[in-house]
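Below: the structure, in structure tokens.
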Amino acid sequence: MGSSILPDLGAEILIPVCAVIGIFFSLAQWLLVSKVKLSPGRDSGSPGNNGAGGKNGYSDYLIEEEEGLNDHNVVIKCAEIQTAISEGATSFLFTEYQYVGIFMVAFAILIFLFLGSVEGFSTKSQPCTYDKSKMCKPALATAIFSTVSFLLGAVTSVVSGFLGMKIATYANARTTLEARKGVGKAFITAFRSGAVMGFLLAANGLLVLYIAINLFKLYYGDDWGGLFEAITGYGLGGSSMALFGRVGGGIYTKAADVGADLVGKVERNIPEDDPRNPAVIADNVGDNVGDIAGMGSDLFGSYAESSCAALVVASISSFGINHELTPMLYPLIISSVGIIVCLITTLFATDFFEIKAVKEIEPSLKRQLIISTVLMTIGIGIVSWVALPSSFTIFNFGDQKAVKNWQLFLCVAVGLWAGLIIGFVTEYYTSNAYSPVQDVADSCRTGAATNVIFGLALGYKSCIIPIFAIAMSIFVSFSFAAMYGIAVAALGMLSTIATGLAIDAYGPISDNAGGIAEMAGMSHRIRERTDALDAAGNTTAAIGKGFAIGSAALVSLALFGAFVSRAAISTVDVLTPKVFIGLLVGAMLPYWFSAMTMKSVGSAALKMVEEVRRQFNTIPGLMEGTAKPDYATCVKISTDASIKEMIPPGALVMLTPLIVGIFFGVETLSGVLAGSLVSGVQIAISASNTGGAWDNAKKYIEAGASEHARTLGPKGSEPHKAAVIGDTIGDPLKDTSGPSLNILIKLMAVESLV
């Protein structure tokens, strides 16, 4: 067999050190962002303030003087708007977490009862599942520890979402103010604050998991099978919180967005983030709550689950049986190397290359993906060579399969590159630099109906290549290393999570920056800069969703594998009626779930539209800009709607596996899981790409950057109105149903496993 080159002590030091480096790096980025002052005064661009003194300082200062922008009131106004957004987001998250907290406790008790009751709450040792000759820790212990790790995962998930939201609301106004100095400065501020979130989340997730494993080891000792089974609760906790964050946040943000767009743009003909629009604060709060807090929890969930799936399978393979610690922790070592790789990659965007023109924004973000993938491939090669024995065996449905270390390297690399392919395909279909979105924009000439038809077709078409990429990576990794291969392929896709999240969080931050510029009444030139940042942000957000969906598919398959090997089913036979009805019902679930979330957005938006209309009609002087709208009522409508509406979809996902498993047995449940995975991935990809394409088609017409775009008209023309309608339909697709579906797929699988 041979042992690994890296000693156990090395692995034990490497993982926490990388995690701590990640945390420190994100704090350093935070410090750099906080250097942008939000208090008015001569120093906002004065010489010497940015340390470069002389030339740099002066030129910045002079530009501002010419534009007459060194206005005290602009800075004060930005600060005020930022405070409003930050308070709105914080109060919503606190309300949401109160409800989620109650649910968390209830579910923790449920897990404890279900797992503890297996042996009638006995405290005796019982024979191991896989090796009857040895004695293992009692079921009660597994129940207690699974519950603990569930709570740990849930808390980590909530904290990472909350911190991400904090930094985003901290950075949005600062990005706006930096945009006065040029597009490059604003880009760096937005990107850095995204990086803060990415690194905090990746490092926290890794550190908490690592500490949990070591603490549990004190009790479990040599029983690694039991130990890592108890750890699976960590992934369940992470994802169940993400579900509520995603659904609740998605309903919140889209109710406000649709309400603001329909009344503001289509009826009243005022620009997107006009301060006269009562729903404008709620809309900007929503970007933070849905896209940042939700996305953070979601990717953290995928990350925790793929780690758990890999660890469960490894614990019953030769690593676990022979107690080889370093290869056992291989999934964690990959993630810790990923943090270092992302750190180097981030420096490429912020320090090595400076962005000078608007057209350099998207290429720079794409370069992030390529650089991190290439570096990570090298990193994985080194890790696989150092941390794995030259050959070992992997548990494969009852027997052990011999695997070489280069085969495992290929599994991870395949996942990593599949992620990159999915990212690029998504970008091709959702960026307005390419023909698909331009075709959609062109179809607006003949009204909203053709726009909708083209957009839907684009979304369906955009499934083709990602699905082949996922299928290839599943085939390669399964044929090399069975279910373990799929779990590490998912980890490979998520190994550059810090960069992925930084790119993703960048979107909502620059979106907010644009809104703040509009509300603070800044000049047209600045609004153009923030719009350019925002359009790039839309595409990157779609790329982030592509990653999340792709990894969710792999993760849930890995969890499905772990579930099947754990439930001792060697084959799932499609021809048995039990399994087949499971498949049918499972494939229906994503539709049921989407129906619930779409309808929630629709009904919440209806209330919002009525409220916005009421304010425009009853508050005198609102359209003229002499009276202030009542923002708070709109924020309250969004909050109430999303808290109330996130319960039924959540219950659907959480209760299905329990009910099916108890009443129809394990085989039907495996059918349901397979069915929901197969149909959920398709809907999720098409929904998020359709929405992203409609949004960018609208931006394409608004920006008027090319000859073609100018023929489609300025804001307010008929094609533009058609584009706005498409964008409004796409909003719940791309930000509520689509992203929540990937959580549906993973959650049911991990819950069945636990």
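Cβ coordinates are placed from backbone N, Cα and C, and glycine is handled just like the others.
What TrEMBL records for this protein:
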type     : residues : note
TRANSMEM : 13-33    : transmembrane segment
TRANSMEM : 99-118   : transmembrane segment
TRANSMEM : 138-165  : transmembrane segment
TRANSMEM : 186-213  : transmembrane segment
TRANSMEM : 328-349  : transmembrane segment
TRANSMEM : 369-387  : transmembrane segment
TRANSMEM : 407-430  : transmembrane segment
TRANSMEM : 451-475  : transmembrane segment
TRANSMEM : 481-503  : transmembrane segment
TRANSMEM : 547-569  : transmembrane segment
TRANSMEM : 575-593  : transmembrane segment
TRANSMEM : 646-666  : transmembrane segment
Other than its close neighbours in sequence, what residues sit by the transmembrane segment (328-349), given a CB gap under 8 Å and a spacing of at least six beyond its ends? 11, 14-15, 17-19, 21-22, 25, 29, 188, 191, 195, 198-199, 202-203, 205-206, 209-210, 213, 224, 303, 306-307, 310-311, 314-315, 319-320, 364-365, 367-368, 371-372, 375-376, 379-380, 382-384, 387-388, 408, 412, 487-488, 491-492, 494-499, 502
Who are the long-range neighbours of the transmembrane segment (369-387) in its own chain, taking Cβ under 8 Å and residues 6 or more past its ends? 4-6, 11, 326-327, 329-330, 333-334, 337-338, 340-342, 344-345, 348, 405-406, 408-409, 412-413, 416-417, 419-420, 423-424, 492, 495-496, 499-500, 503, 543
Contact set, same chain, for the transmembrane segment (547-569): CB under 8 Å, 6 or more residues outside the stretch: 129, 229, 232, 235, 295, 298-299, 302, 305-306, 308-310, 312-313, 316, 395, 397-398, 415, 418-419, 422-423, 466, 469-470, 473-474, 482-483, 486-487, 489-490, 493-494, 500, 666-667, 670, 673-674, 677, 681, 684-685, 688, 738-739, 741-743, 745-746, 748-750, 752-753
Three or more CB pairs closer than 8 Å, sequence separation of 6 or more: does that hold for the transmembrane segment (481-503) against the transmembrane segment (646-666)? no
How about the transmembrane segment (451-475) and the transmembrane segment (407-430): at least 3 CB pairs under 8 Å, pairs 6 or more apart in sequence, or not? yes
